[in-house]
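As written in Swiss-Prot, here are the features:
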- 39-59: transmembrane segment (TRANSMEM)
- 63-83: transmembrane segment (TRANSMEM)
- 87-91: motif 'Histidine box-1' (MOTIF)
- 124-128: motif 'Histidine box-2' (MOTIF)
- 151-171: transmembrane segment (TRANSMEM)
- 185-205: transmembrane segment (TRANSMEM)
- 277-281: motif 'Histidine box-3' (MOTIF)
Amino acid sequence: MEPAGGAPRESARAEALLGELEARVQEVVRASSWWERHGVDCAILALSLLALPPGFLCLRSDSPLVFALGITILGVCHYTLTVKGSHLATHGALTESRGWSKVWTLFFVEVCTSFTAEYAKYGHVKMHHGYTNVLGLGDSSTWRLPCLNRYVYMFLAPLLIPIITPLVAVERLREVELRTALRTLGLISLGLYSQYWLLLNVSGFQSPSSALACMLITRSLLAHPYLHVNIFQHIGLPMFSPDKKPRRIHMMSLGVLNLPRLPVLDWAFGHSLISCHVEHHLFPRLSDNMCLKVKPVVSQFLHEKQLPYNEDSYLARFWLFLQRYEEFMVQTPPITELVGLQ
């Protein structure tokens, strides 16, 4: 049995640990320039926007290699704007201005990603980050599709993400005010129609069906790693009961996993979703570049305090999920109880 007063003491210790880590990280942040805090990531997003015209023009070419280059450019730029851009904007990590943060959220989430800004903030920031790996709240259960077998889910289901995303957004609009719903519908339509129009009028596609097929291909280019990353970094790790969840530092160190540096995914998805996911969950308002900068501080601190710091390779997680798909993606995960840490 735990001694009387043990839980409050552990809770106070956990808060003290988090406070100590926050102080170390804030010291690094204060010593960083604007370029390090925001500029690097803004430059990557700006380059992605500037690369779109060459990408559309490459699709005019009769050369298979140039055409493939155009598909690659548009696909990588699409994921950089929709995943990296939307993620940073939703967390308010692109700028310190509240007004501009709202503008960038609408642009990246609704125009580029075809999703609703309100639900992105609620589902991702409030629920997933607020209740990481807590069953029924922030446990990544939205990624589970028990009706699909492992091969369909891991290899075919990602191709449907570009189609499912706007459909889910429209379904969520029932829960918002009419004015907000009309705004979201307008911005989603603007984003989709803009790409369609550019494919017909700049890239020279001769039929609506070929333009739509190209849209699906470019928007599916990195769909497989996008889905995989979202399940690899939380599912299969300790899950917690809503009424017995641990303190924040234990929740994030136990329930989050970092992948190694992967150049294409680091660029398109951002460090905070790939190699610095633990850091991102502990400090969600930091930009990708700052997550990378504070990574040695966080890693050293967690190891120093003998706290978990989960890391694994993409391929190792991939094979693990194929082998244990039923356990991870179909069955209800077991609850981890941490005596004295709740």
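Every residue, even glycine, has its Cβ placed from backbone N, Cα and C.
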### pLDDT averaged over the residues of the motif 'Histidine box-2' (124-128)
94
### Task
Could you give the residue numbers and ranges of same-chain residues that sit at least 6 residues beyond the motif 'Histidine box-3' (277-281) on either side and whose C-beta is under 8 angstroms from one of its C-beta atoms?
129, 132, 233, 252-253, 256-259, 271, 291, 294-295, 298, 302, 309-310
### Within-chain partners of the transmembrane segment (63-83) [C-beta distance under 8 Å, separation at least 6 from its ends]
44-45, 48-49, 51-52, 54-57, 108, 112-113, 203, 214, 217-222, 226, 264, 267-270, 273
#### Entry: Secondary structure content of the motif 'Histidine box-1' (87-91), with strand meaning DSSP E or B
4 helix, 0 strand, 1 coil
